[in-house]
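> Take a look at what Swiss-Prot says about it:
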SIGNAL    1-16  signal peptide
BINDING   H17, H105, Y190  Cu(2+) binding site
CARBOHYD  N22  N-linked glycosylation site
DISULFID  C75-C193  disulfide bond
CARBOHYD  N143  N-linked glycosylation site
DISULFID  C163-C253  disulfide bond
BINDING   H179, Q188  O2 binding site
Amino acid sequence: MKVLATLLASVGLVAAHGYVDNATIGGQYYQMLTVSQFYQPYMDPYMGNNKPQRVSRSIPGNGPVENVDSIDVQCNAGSVPAPLHAPAAAGSTVTLHWTLWPDSHMGPVITYMARCPDSGCQNWSPGTSYVPRCPNVVRINANLSKGPSGSKSSKVAYTIPSCIRPGYYLVRHEIIALHAAWAYPGAQFYPGCHQLQVTGGGSTNPTNLVSFPGAYKSTDPGVTYDAYKEIETDMDLSIAQAYTIPGPAVFTC
């Protein structure tokens, strides 16, 4: 998956993991049980023909992906296109609502965008094998934090670049949990994708594109990292070792 990488600068038990449950896009809150709500992995698979249409692509649950060379690192395991797009203006802010996230799962929050065909994202997929990979992906934001927080309905925001061309976009958003990343595999990737119809904007076609899989390597310092290792300073103080967020530079207009 090649992505426009705009890195947002903010940066145990399966029950302790999380996923994006809902969002506020274009001023609309995509709330529970509305037809355009985000995919619900513990409800949608059991609804048969009554399953609501979604703006986000399917995910298997709240567990992680650990293989950076797997197709699952694109939008999560078994992901398929969603039928709807959320309208949003270029330059506007999108707020994503995560489910419960444990404080112990510290790591970067990263957002990418990929331009879909002019007909939309609803029938477009990055592919089911490593080649071709998802094209035209750029990182739009990233920040280092402890994740959304340890509270219910935690929020993470990103801004749609104001200069990109209007059209349909697939947004890949993830948290990389580093609590077990001292050896590979160990880092836990929690990707999810939703679909936008971007209005306004400019005429910029970002060129700093990457692919998923392909953007991350197991040897990247941001993938294999000991979050608990400390470095001694000249003042006999111990500080956490520096962390480098994996992937390309953040795109700016």
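The backbone N, Cα and C atoms fix where each Cβ goes, and this holds for glycine too.
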> Which one is closest to H17 (Cu(2+) binding site) in space, judged by CA to CA distance, out of the recorded positions C75, C163, Q188, C193?
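For H17 (Cu(2+) binding site), the spatially nearest of the recorded positions is Q188.
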> I'd like to confirm something. Which of the recorded positions, Y190, C193, C253, has a Cα closest to the Cα of N22 (N-linked glycosylation site)?
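The answer is C193.
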> List, in sequence order, those recorded positions among C75, H105, C163, C253 whose Cα sits within 10 Å of the Cα of Q188 (O2 binding site).
H105
> List, in sequence order, those recorded positions among C75, H105, H179, Y190, C193 whose Cα sits within 10 Å of the Cα of C163 (disulfide bond).
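Matched recorded positions: none.
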> DSSP on C193 (disulfide bond), three-state: which is it?
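C193 (disulfide bond) sits in a strand per DSSP.
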> Would you mind sorting out which of H105, H179, Y190 (the binding-site residues) have a C-alpha within 10 A of the one on C75 (disulfide bond)?
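Qualifying among H105, H179, Y190: Y190.
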